[in-house]
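In what follows, a structure is listed as structure tokens, so that the remarks can point back to it.
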Amino acid sequence: MKMKTGFSLLTICVASLAAINVYAAERTTLNEEAMFKVKADSLASRIINSQSFSTGASFIDAEGNLKVRINQIYQGLPIYGESFVATQNSRGDFQRFSGDAVSGIAQDLPSVEATVSSNEALATLAVHWKHQNHQFSHPEQQLVVWLDHKDIAHLAWQLSYVVYSEEPIRPIGFVDAHSGELLDTWDGLNHAHGKGPGGNQKTGRYEFGQDYPAFEVKQNGSTCSLDSENVETHDMQHRKYGGNIHAFPCFENSEREVNGAYSALNDAHAFGQVVFNMYKDWYGIAPISQKLKMRVHYDSNYENAFWDGRQMTFGDGKSYFYPLVSLDVVSHEVSHGVTQQNSNLEYKNQSGGINEAFSDIAGAAAIHYFEGDYNWKIGDRIKKGSGAMRHMDNPPLDGKSIGHAKDYYDGMDVHHSSGVFNKAFYLLSTTPNWNIRKGFNIFVKANQLYWTPRSTYDQASVGVVNAARDLGYCVDDVIHAFEKVGVDAGRATAEYCTDVPPIVVEAQFTATTDKLSVAFKDQSVGKVLTHYWQFGDGNTSAQKSPTHVYAASGSYNVSLTVTSASGYNDVYTQNVTVDDNITSPCRIEAWERSKSYSSGDEVSFEGKTYLANWWSTGAQPDLYPQVWKMTGNCDLGPIDNIAPVAAFSYSAQELIVSFSNTSSDDKAIVSQQWTFGDGISSTENNPNHIYATAGNYTVELLVKDAEGLTHSTTKNITLTDTPTTCSVAAWRATDTYNTGDLVAHKGQRYKAGWWTKNEEPGTTGQWGVWKALGPCE
């Protein structure tokens, strides 16, 4: 396809002049201590109630509430980098919000119809980087709403592609979808049971299957390949493109010694599985949404490793490095994928340093997970000669990295600005009652929920503090660690830091079998901090209530070890029998704690079936009715009838009140009973009622469905008999209003900002659909 390659200077100048009269989106801080918190919460609730969002990662916090990332959208398009965190309790109520929310975008973008095509935008990005379209690999284009540094909204194409040149590069950019102007751009390339040998001349030779566990391979007759359920390893054979999954005679792969390493293929494949298992065992998640693809022996004498948005690539090194396939480097590159698919931290400025630091921290975590210890030296196992690439405990030791925020300057290499967060992590992990895993826990949660693409040191540190609070960890320890590197993470609160007597816990669990699959439910007593399952077949899990699939029928000794925050632990063991020939009464797939579900998904859980109302991960169906709707019993089939849900709205003109019945039912509501709080009742669907005197009244609505099931709800209303006259019609919940429509409600006049129905004036907040015009005359 032939693409246009640019725009004239005159076109850009005219577009720039036309854009002078612009507004800016309103940015509101939602944190608990923020000023005007009521208005802030109102804005967050309006975003949720209007469905102007998509959901991201979620997890259950220490108090049993569901924490959810709320990604903002506008007219169906994602607002790049704009999200906040909502806390949802077991009743489905959103009680607390954290982060920033934006509103008022319609002033800048009344329309989201692009006048510049995605191909034209891609050509603009390529011209800037001096690339030709035949050089592109993996081009990506998405239409988004992009806010500049003044919070002015632009309709923009978010673009990226990869060029596998002598120095691979991945340009990422935003091009205005109306003017064609390049708004921002940067290089987003993130660097840096078979058996057989591994290691290099510095680490020494080790054998997978003897010194380390054997790695998982795929067997086809007498041929094995470096392929498994979660990791596949490609031999690039010193090329930039192509490559195939490496195959070898079963079961030992001895290929091939390169640049002082005994088998870079084995190291990459085995350590890829270690990293996958770390994220799975510790957090119940896969690190990235796709299978891990490891590309080894890339190019000739290539002294680097990188994540290109899709896959991990490792060079063989030359004079400075051995092949770059050590465990910490593998974890580092995989974890760039974790960041891209969660917070998507931009790979520049302070956010780029945090991005790089998270991958360094993940490298430390992987070695701690696999070996139980860490020396705080980054890349020391692949660097030829003495020393390391970087030092987490003393970043300036390499002569380039910084260990304090005061030494940061714009344009600093992200590998060097990463030292600030690396040093903070080291300080925190070596604090009494902390370790590498505990520290990594809160950095992972911050990446999943609280960080955004442009997070600064200060903003990201607050996210880490929020994650510590969510997990019930001592908040002050985190704040003090960041203080020591010049980062402001907030004020000390002593939350979860008070010395308490040892917490006693008692391990218990139940098991529900379905052929070879077993759903384990933790029923331990006491405040449990960690769970450790041993399934009796060599597999383990750190999830609270995991589901495990056995390879063969038989009886297995399953144990659960639970530990409290004070270190007390208890073990419970139970014999579980599985049989491939026994069929579960449920034909619907069993719910899995580590799996992500979307609206409309069906699952079974403990003999009942459920339908997903919205996206979730880890929200147990019987505990989160706001996420899951129970639809039936496995043995009895669908429930014939579900009780109705009563709801209503009202509008008042002095002592005259109009009520609107907004109740719902799975089939039909056949009757309703209104009680107005003054001794009078009605059975009309949408009654009007005249009260005798001003005052406070409790109104109740009771509804009944065809099978006789009922539900009721109440509201308190306050009426005044102060005479007012409005020249506009009273608002009604059942009416539809368009931009500019005027209504009267509770003695006030309002103007509609856009299309609306059933949104009560005076309740939608400062940024809501209704603009208050003042009292009726």
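Heads up, the Cβ atoms here are built off N, Cα and C, so glycines get one too.
According to TrEMBL, the protein has these features:
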- 1-24: signal peptide (SIGNAL)
- GLU333: active site (ACT_SITE)
- HIS415: active site, proton donor (ACT_SITE)
- 501-578: domain 'PKD' (DOMAIN)
- 640-720: domain 'PKD' (DOMAIN)
> Looking only at Cβ atoms, how many others are within 10 Å of the one on the residue listed as 'active site, proton donor'?
Replying inline: 20
> Which numbers of helix, strand and coil residues does DSSP report for the domain 'PKD' (640-720)?
Replying inline: 0 helix, 47 strand, 34 coil
>> Return the count of C-beta atoms lying within 10 angstroms of the C-beta of GLU333 (active site), excluding that atom itself.
In response: 29
>> Can you give me the Cα-Cα distance between the residue listed as 'active site' and the residue listed as 'active site, proton donor' in Å, rounded to a whole number?
In response: 13
>> Can you tell me whether DSSP puts HIS415 (active site, proton donor) in helix, strand or coil?
In response: helix
>> Considering every residue in the domain 'PKD' (501-578), what is the mean pLDDT value?
In response: 80
> Using DSSP, what's the helix, strand and coil tally for the domain 'PKD' (501-578)?
Replying inline: 0 helix, 47 strand, 31 coil
